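K.L.:
Input: one structure, supplied below.
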């Protein structure tokens, strides 16, 4: 079924008309801010070379939540694209109607990049817990499978009628909201248990928490917006504020932040000692195997059982 097959009555396209220039400019700035807000987290992973402090479940649920939201907005924004192709919207209104798609798409990529950097930068790090890395690798495979499944969903939705499309979009929006609520639970628990933020960037959350409120507002007030596209970001804003408050308390207020730094250093040192001990054991095992192999290998100058008679 083509996009033009949707019933584009007057009311359908009118809701995308009259876009505000000020809201458009503000949305562009929010889009830039989305990327910049993730830079502190990327830098922290690069500098520390460990996922200590980042919950594996948080990485999994955060990545999947972003994919669900992106799938939702791809489907929801298809009506506006149909109006654009039908010539019912001006160029400016067409571009404005797709800003949410650009913003959420960028946010999805940035969120998944946290997982990618964890997998790439901590793979051979002496500071990385090996068991935790194996769990992170499993998360990476699952997220890839979810991404492929979302592509299938989008194809099925576009080949079906508009009722099926809206249903799939709403289900993805609800799943995103559910995972957004769930994903912060293991991260809040991890931060509470460790008593320090670890690799989790406080700077990122200081930008994203108030930014999340602004982003939710821009999605809410955008012409033709749908509740299923902004509700997950509203929930994320609330829960991230709770997580940020915990991190600020442990990092700066609880005993002046000294306890948090000490705990993080001790826990990373413990991981390093465990990794070095495992490497030494592996090297010892390899040395034993090589020694045993030499003992059972006949020397090259030893006479063999088959000797030729001397010629006179």
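Yeah, the Cβs are placed from backbone N, Cα and C, and that goes for glycine too.
Pasting the feature list from TrEMBL:
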- 20-38: transmembrane segment (TRANSMEM)
- 58-80: transmembrane segment (TRANSMEM)
- 100-121: transmembrane segment (TRANSMEM)
- 142-159: transmembrane segment (TRANSMEM)
- 165-186: transmembrane segment (TRANSMEM)
- 198-221: transmembrane segment (TRANSMEM)
- 227-250: transmembrane segment (TRANSMEM)
K.L.:
Any chance the transmembrane segment (20-38) and the transmembrane segment (198-221) have 3 or more Cβ pairs under 8 A, given the pairs are 6 or more apart in sequence?
P.N.:
yes
K.L.:
Sort out for me which stretch, of 58-80, 100-121, 165-186, 198-221, 227-250, has the most Cβ pairs below 8 angstroms to the transmembrane segment (142-159).
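P.N.:
By the under-8 Å Cβ criterion, the transmembrane segment (142-159) pairs most with 58-80.
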K.L.:
Which listed range (100-121, 165-186, 227-250) shows the maximal number of Cβ pairs under 8 Å with respect to the transmembrane segment (58-80)?
P.N.:
165-186
